Structure formats: C-alpha cells, structure tokens
Amino acid sequence: MDVSALLTSAGINIGICVVLVSLYSILRKQPSNYCVYFGRMLSGGRVKRNDPRWYERFAPSPSWLVKAWETTEDEMLAAAGLDAVVFIRMVICSIRIFSVVAVVCISFVLPVNYYGPMMEHKEAHLEPLWVHCLSLYIISSAACALLYFEYKTIAKKRLAYIAASSSKPSHFTVLMRAVPQSPDQSYNETVREYFTNYYAPSYLSHLMVYRDGIIQRLLNDAEKMRQAIKHVSPDVSCTPSLKSCNFCTGPGPTKSFQILSDEAGSVKKLELDELTLTTTEEERPVAFVFFKTRYDALVASEVLQTSNPMLWVADLAPEPHDVYWKNLKVPYRQLWMRKIATLVGAVAFMFVFLLPVTGIQGLTQLKTLSKNFPFLRPLLKGDIMNRVITGYLPSVILVLFFYTVPPLMMYFSTLEGCISRSLRKRSACIRVVYFTIWNVFFVNILSGSVIRQLSIFSSVKDLPAQLAKAVPTQAGFFMTYCFTSGWAGLACEIIQPVGLIWNLIARVIVKNKDASYETLRFPYHIEIPRLLLFGLLGFTNSVIAPLILPFLLIYFFLAYLIYKNQIINVYITKYESGGQYWPIFHNTTIFSLILSQVIALGFFGLKLSTVASGFTIPLILLTLLFSEYCRQRFAPIFQKYPAEILIAMDRADEITGKMEELHNNLKAAYSQIPLCSQESSKAGCSPPCSDQELPGSEQLKPENLEAEMLKAFQRSKSSHDLEVKSCPSGSPCRYSPGFAEIYKRT
C-alpha cells in the first residue's frame, strides 16, 4: 500500500475518533443519557443527578479522562472485581512491552531498513543483519521478563482474592453430575445414600437440580408483569385494595386481584425454603452437594469417585449467580460429543470466513479490482477514491464481518455444555482468539501465496521464509486495521451507539419516562482477542516493518483510559472468574513472541545469514523453556484452590463461630428458585433460576394486564402439580399476599 492511501485511512479514522470522543464528553452530561453512560453507578444508587448549567452541558471537557486516570487499582477491584483489574493489567503490560519494542526498533531497526545501503523501502536489506538479531534478543528478553513479573503479581492477587472471599458458598459446594439411575429409588435418595455412606464425617446436605417447571414459569411471568406495570405508568403506585385500580378494567372492586409493588410485599421478597415436585421424573441426575468445610469439598471434587469415570463426576461448583442452569440439564455422556461438534463447527466457520477475507484482499489491488469489476473503472480513476478504496474500505469491511464472530462463538460455547456463565465467556474468548489470529493474520498475509498455491504445506521448512516474505507486503493493511478496529473501535466503545439509540427510541417513540436501564457485562470475549491481535501484529512486524509500533502504542494508551472509564461507569459485574483470563493473555503473547522469532529466522534465511539464523534458534528454545516454567510455576494457581488457604479459612471461621451461619445459607444460595431482594437487585443480582437473563419488559395494555397474568399462572399451574413443604422451622413458608391471591384464583 502506498503512503497516500495509508495517510487517507489515518486521517479518516482520526477524524472519527475526535468527533465521537468529543460527542461523548457532551452526551454523558445530559441527564437523559445517564442510564447509558452510568449504568453501573445507577445500579448502585451512587449517581447524583444534579443537572449542570446549560452552557456546561454542551461544551466538551476532558474531566472523564482525568477521572479514569486517577482511578486506582484498589478502587477498580472493589467496584468491578478481579477480572476487570486483570484486564487493565493486560493493557498496562502491553504498554510496557511495546514501549521497549518501539524504542529498540525505531532507534535501531528502522534506520537500517530505510537508510541502509540498498535504499529499497519495500524490502529488507542484506546488511547489517546483526542489528536485527540483537534487537530480537532485546525484545524477547524484555517481553519475557515483564511477563514473568506480571504473572507473579497477578498470581498473588488471585491468592489474595481467594483468601478474601471467605463467605462464598461455592467453596463448600461440589457439583455432582452423572448420578446413576436406580429403579428402586429417586436421584435424591441415591445421592443421600452415597454421600452418607462414603463421606459421612464431612457430608452436610445436598440439593437436587430439577427440570424447568411451574415455579420457574411463575417467577418469570411475575417478573414480566411487574416490569409491564412499572413501564405503563411509573408515576402511579397501586396498593392492595378493594377499590378500583387504574390498571384494572371496569369499575367496582378488583375481584381480589392485587398489584404487587416493588416493596416488601413484592414477589422479589418471596421466601421459599424448600419446594419439590410431586413426580420424581422432574429430578435431574445432577446435585449440589454441601460439605462441612472447604477442604472437604476440595478433596471430594479432586478425587475419582468410582471405577467408572463417567459416573459420579465431581467438580467444584461455580458461584450461585454464575451457574448456567440450562446446561446442568444436559446429560454428562453427551458432553464429549458436543465438544467435538462445536469444534468442527468452529473450524468450518473459520474456513467459510476465508471467502470475505480473500475478497477483501482484492480491494487492496487496483489491477485485480478493475479486471474483475469493470463497472468500477470510472470510480477508480480518481486519486481520492483510489485512496479510500485501497486504504480505508478493506479494513472497514473486515471489521464489520467480524461483528458476527463473538456471538457465534458464544453460541458454540453454550452448546459445548459449560456449567457457568464465566466459563462460557472464557471459552468463547479462547475461540475468538484462535479465529482472529487465523483470519486476520495468517489468511491476510498468505492469501496471495498459500490459498492460491498450496505448495507451502508440502514442506514445513518453507513456512518461515513464506511468512518473512508476506509480512512486509501486508504491513500497510495491518496499520489501517489498527486505525479502524483499534482507534475507531475504541471511539465506538465509549459512545455506546446501540445503548444510545435504544435509549432514544425508549424516550421519544415509546414515551418511557422511567429511569429504567439495562446493565451490561464487560465483553471480555471481544476485547481480549482484539488486544492480543494487536500484540501479535506488533511482535511480528517489529523487526521487519516497525513503523506500526507507534500506532499500536497510541491504541494501548487510549484503551487504558477508555476501558477504565467504561469499567467504573458502565459495566456491571454479575459473575467473576477470579482472574482466569490472564493465562490466555500470557500464552497468546508467548505464541506471538515465538512466531516473531520464526519469521525472523525465515528473514535471516532469505538473506543467507547462517550466523543470524544460528543465534535465533537458541532464542526460540529459550522462549519455549520460559513458557514451560511459567506453566509449571503459576498456571496451577489459576486452575485449583490451594489447600492451605482453604484450611486456614476453615479454622478462622470455626474460631469466630461463622461456620454454622455459612452452613445455613448454602441451600438458599443454590436453590433453583431463589429470589433476589430489592437491594441485591440494585446491585446487579441475576436470578440463578433463569437459564438466560430475564427478558425485557413487554408493553401490555392496562386493560389486558390482569387477563394476561391470570392466563400465565393458569398455564403454569396446569402443567404440573405442586407440593409445598413446610420450612425447616416448622412454620409454613411465607408468600406475598398478592401472589397467594392470584394463585388461589387460578
């Protein structure tokens, strides 16, 4: 790509960034947009809605940048959890690594490449190659050292996170799947008999997992009705009464129908200690088994329960709000088939995606474009149009196509059978990383040689040379991709266009004056792969085409400020993985570093420099040894809980007398029908009983509201018979009065 096309792409994207960031600094001050740009703070009730003066509201200001810069790591940890801190540490680590890379390569490699004896700007030079080799050693040493210290720091943070989460019910709970079926007794009795027999000293109790039944439908329907009532007229508050109500049809009494408020009498305050279905067919061969100590649960989750590994499969349970209940109903014997099927589907989609990627490459070649599309020849005659098509349009089209990848990979991770929401998102993150590296890097640089000429696969030893030839030719495209996906992508992230448009529709078209809002979770499966891709581009181009490095550094600095602002203001944490995204970052960075060394090896081989090639091979081996050391030293911390920490927590709770209280809360925490209180709902509590997030409110007419509620409850009641047992204390379970009235009428 020529310089003019590159400058055109840079100018367009810089203009987009400046406009969107300036617009954000104005829109965030408008009270009507608080629900878009301060979702996290609104959910916690921490936003003071003081309207600024009119001239301040429409003047751009950098105050949000200062606030993001001043936010400390401890504040982020308290507000958003360890995953958010780890993500920001990824950005900081990238800044540190590529600051060193940029200084070394721009100071030494770039002058040699552009002012060497051959003076050919599009090709690497014959000598002096020792500069490139020395720079490669400095880059590799600095990257490994920074990765080691960062891995060590984050491992300490994870251990501190485990030690600080002393009240988590997941530490006492084991998820037992593949419970064997017995013709003489139910799954519930089988689980009780097994653990009473083999784990009598440590077994506390258990809770079976049921199919979706009447209770789940009642709760979901009640939530829909509550939201509908809330949005019909938020200014009207109805209380249980025999008088006519605005939401009820016709004059006269309400026929004992009661509108449930969001206060103490709400369905959200419903407390049911134990609900069971009358038919044992509703039980699933899955149970949450509770143990008396954390160490007992850890031991039970690690050992093989029987001689058949496909029965009594034990894992430490995820946190209650992290459980993905839908996948608990999947038979354990299907999981290996699902993993194979999703792997095949993901690989197939990767190859299908070759079509748009290879088509995009044609846009960068004017001769091929004019030949294949003759009707475009008049447009291609102008210099400005040529620059836009070759410099800006290819990266934009590729970015648009990539918007389909994360949702599809999330769907594959769901089909795979992940038992927790955090595991599902982490699995999708890994898939997107593989997909991005293959389709953005390898397919783009090899589309001209590998796809058309598959001779590279006949000899693996030619791969480094092919990569060394292809990377410099695509350096311009990678720069424009950094502008479009990196710079402009960050500007779109901070402006939140989808949320802004939806809020505008809700207020202007739907006429919703209520300050309702949808809280979002941070898209780790989208942002981490993007961050890792730019790291890969930085390493692989560092020795051959280092001009991309300053643009990457600008992206990392912008990402640091923008993502911190989004984490502390917009995104809410509903579940936590405990920093388990860091090994993905570390392993992918090591892969990128080794790939850059392989490309350098091919580069030295093309120049017939045996000395430089000889020095590169030991460097690759040393990097692999470093990776293996980190895997042995730190990776287990992110996979298991240390026994000494759990034992210390058990002893502390026994001394302080908290153990009994923790035991009493275990069943309520993992019940399939727990209902969050109003306070926990404000904090972002997501009902674990639902297989997915609660749907948005449905706009029902007031005159049809009662009929729709009665139909929903009638439909749920007719599906199954329900048996309500007494609470453990002997007193009957408490119902909301309105809930009881509606249930009696059905």
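Cβ coordinates are placed from backbone N, Cα and C, and glycine is handled just like the others.
Annotations in TrEMBL come from automatic prediction, not curation.
A quick note: this is a predicted structure, and the numbers were derived from the prediction, not measured.
In TrEMBL this protein carries:
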- 5-150: domain 'CSC1/OSCA1-like N-terminal transmembrane' (DOMAIN)
- 171-327: domain 'CSC1/OSCA1-like cytosolic' (DOMAIN)
- 338-604: domain 'CSC1/OSCA1-like 7TM region' (DOMAIN)
- 6-27: transmembrane segment (TRANSMEM)
- 86-109: transmembrane segment (TRANSMEM)
- 129-149: transmembrane segment (TRANSMEM)
- 340-364: transmembrane segment (TRANSMEM)
- 384-412: transmembrane segment (TRANSMEM)
- 432-451: transmembrane segment (TRANSMEM)
- 543-563: transmembrane segment (TRANSMEM)
- 584-605: transmembrane segment (TRANSMEM)
- 611-630: transmembrane segment (TRANSMEM)
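Residues of the same chain lying 6 or more positions beyond the ends of the transmembrane segment (129-149) and with a Cβ under 8 Å from any Cβ of it are 93, 96-97, 100-101, 104-105, 108-109, 112, 539, 542-543, 586, 589-590, 593, 596-597, 600, 603-604, 607, 609, 611-612, 615-616, 619, 622-623, 626, 630. Long-range contacts of the transmembrane segment (86-109) within the same chain, counting only residues at least 6 positions beyond its ends with a Cβ under 8 Å from a Cβ of the stretch, are 73, 76, 131-132, 134-135, 138-139, 142-143, 146-147, 150, 153-154, 157, 522, 524, 527-528, 531, 534-535, 538-539, 542-543, 546, 549-550, 552-553, 556-557, 559-560, 563-564, 567, 579, 581-582, 585, 589. Residues 65, 68-69, 87-88, 91-92, 94-95, 98-99, 101-102, 105-106, 109-110, 113, 124, 132, 135-136, 139, 468, 471-472, 475, 478-479, 482-483, 486-487, 490, 493-494, 527, 531, 534, 537, 596, 599-600, 603 of the same chain lie 6+ residues outside the transmembrane segment (543-563) yet bring a C-beta within less than 8 angstroms of a C-beta in it. Sequence-distant neighbours of the transmembrane segment (611-630) (same chain, 6+ residues past either end, Cβ-Cβ under 8 Å): 129-130, 132-133, 136-137, 140, 144, 147-148, 151, 586-587, 590, 593-594, 597-598, 600-601, 604-605. Averaged over the domain 'CSC1/OSCA1-like cytosolic' (171-327), the predicted model has a pLDDT of 73. Secondary structure counts, DSSP: the domain 'CSC1/OSCA1-like N-terminal transmembrane' (5-150) has 111 helix, 0 strand, 35 coil.
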